[in-house]
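A.B. asks: For reference, Swiss-Prot lists these features for the protein:
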type    : residues                                                    : note
REGION  : 4-184                                                       : region 'Large ATPase domain (RuvB-L)'
BINDING : R24, G65, K68, T69, T70, E131, D132, Y133, R174, Y184, R221 : ATP binding site
BINDING : T69                                                         : Mg(2+) binding site
REGION  : 185-255                                                     : region 'Small ATPAse domain (RuvB-S)'
REGION  : 258-334                                                     : region 'Head domain (RuvB-H)'
BINDING : R294, R313, R318                                            : DNA binding site
Amino acid sequence: MIEADRLIQPQLQGQDDVIDRAMRPKLLDEYTGQDDTRAQLKVFIQAAKNREEALDHMLIYGPPGLGKTTLAMIVANEMGVNIKSTSGPVLEKAGDLAALLTNLEAGDVLFIDEIHRLSPVVEEILYPAMEDYQLDIMIGEGPAARSIKLDLPPFTLVGATTRAGALTSPLRARFGIPLRLEFYNVKDLSTIVSRSAQVMGLAIDSEGAIEIAKRSRGTPRIANRLLRRVRDYAEVKHDGAVTKKVAEHALDLLDVDGEGFDYMDRKLLLAIIDKFMGGPVGLDNLAAAIGEERETIEDVLEPFLIQQGFIQRTPRGRIATNRAYLHFGMIKPE
């Protein structure tokens, strides 16, 4: 299993959730990046408010750390309603979901993180709730059991997932607003870093923010985590202000290189280059070669490397691109 404390992992770790909450934008106008998604949401939210209706059910998907939870909270704030949050693995029984649904008020947002991990029993309860705002529940056991229908107030279900393909077709079809979040560009990430530094009361110049953004793998959660570590370095080794040079020294010390790669990324790329002559190599062989699970490679390591053009995924397996060779000062064989 991949190290739980990997500095550039996009999943939550340690105090991330508490600190991220303090830095989260509250409204769409404060939200940086994801321009297409933001523009769509503004229209959908305004239309729902004009009609005095609950917003349509929404599925937010994409790699971890890009702001799915933040967007769900922004939706609730923009609509002026309450939000109740839970996650797929927590909803073990139909009664768990029923308890949440029956406590919703008209227009409220129910946010389910990791919605692809809902159990089939819970998912069945969700279908009529999403479509007809009705809750079908069984009362009693055995021959005396009977089904009753409860009316629910109109509500908005916001589901978040890193694996949209793992959702069942019936569940996916019930979301009227699908939103895909993409990795952030350096410009948007540097804006996020500067905003977070301001919230933290940290002096940072534009070049320092850009340097952190470059090494943040297109992910705001990683950018904020690196910013906190660079702040530590700046306070101990310098005067507390973050410049480009301070950021470079701090991140080099943390073994996060100019592309945002750490030991695990370099290990994966070098395995393809050295052990499998650049590929193609199958996922199972690659997982065995670096001592990781295939899910870790698919869900954590690969997405950014593919998006940045360092790995190519083909029907025959993974291939290291010319860019991967150049990263290590090598020339790809013809």
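Just so you know, glycine gets a Cβ as well, placed from its N, Cα and C.
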A.B. asks: Test of understanding: give the count of other CB atoms lying within 10 angstroms of the CB of R294 (DNA binding site).
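C.D. replies: Result for R294 (DNA binding site): 14 neighbouring Cβ atoms inside 10 Å.
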A.B. asks: Could you state the whole-number distance in Å separating the C-alpha atoms of R318 (DNA binding site) and K68 (ATP binding site)?
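C.D. replies: The Cα atom of R318 (DNA binding site) is 29 Å away from the Cα atom of K68 (ATP binding site).
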A.B. asks: Where R221 (ATP binding site) and R313 (DNA binding site) are concerned, what is their Cα separation in Å, rounded?
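C.D. replies: With the alpha carbons as reference points, the distance is 26 Å.
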A.B. asks: May I ask for the distance between D132 (ATP binding site) and the residue listed as 'Mg(2+) binding site', taken between their Cα atoms and rounded to an integer number of Å?
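C.D. replies: That separation, Cα to Cα, works out to 25 Å.
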A.B. asks: Other Cβ atoms within 10 Å is the metric here; tell me which of the binding-site residues R24, R174, R318 scores highest.
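C.D. replies: For the binding-site residues R24, R174, R318, the Cβ with the most other Cβ atoms within 10 Å is R318.
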A.B. asks: Among the binding-site residues R174, R294, R313, report those whose Cα falls within 10 Å of that of T69 (Mg(2+) binding site); none is a fine answer.
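C.D. replies: None, since no candidate lies within 10 Å.
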A.B. asks: So, three-state DSSP: helix, strand or coil for R318 (DNA binding site)?
C.D. replies: strand
A.B. asks: Just checking, which of K68, R221, R313 (binding-site residues) has the fewest C-beta atoms within 10 Å of its C-beta?
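C.D. replies: Counting other Cβ atoms within 10 Å of each of the binding-site residues K68, R221, R313, the minimum falls on R313.
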A.B. asks: Is it possible to get the count of other C-beta atoms within 10 angstroms of the C-beta of T70 (ATP binding site)?
C.D. replies: 20
A.B. asks: So what's the average pLDDT for the region 'Head domain (RuvB-H)' (258-334)?
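C.D. replies: A mean pLDDT of 91 is what the predicted model shows over the region 'Head domain (RuvB-H)' (258-334).
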A.B. asks: Rounded to whole angstrom, what's the largest C-alpha distance between any two of R294, R313, R318, listed as binding DNA?
C.D. replies: 14
A.B. asks: Whose Cβ lies within 8 Å of the mean position of the Cβ atoms of R294, R313, R318, the DNA site, other than those residues?
C.D. replies: V281, G282, L283, L286, I297, E298, E302, I311, G317
A.B. asks: When you rank R24, K68, T70, R174 by Cα distance to R294 (DNA binding site), which of the binding-site residues ends up on top as the closest?
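C.D. replies: So, of the listed binding-site residues, the one sitting closest to R294 (DNA binding site) is K68.
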A.B. asks: Could you put numbers on the helix, strand and coil content of the region 'Head domain (RuvB-H)' (258-334), residue by residue per DSSP?
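C.D. replies: Result for the region 'Head domain (RuvB-H)' (258-334), in helix, strand, coil order: 41 helix, 9 strand, 27 coil.
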A.B. asks: Ten-angstrom check, please: count other Cβ atoms within 10 Å of the Cβ of D132 (ATP binding site), all chains counted.
C.D. replies: 12
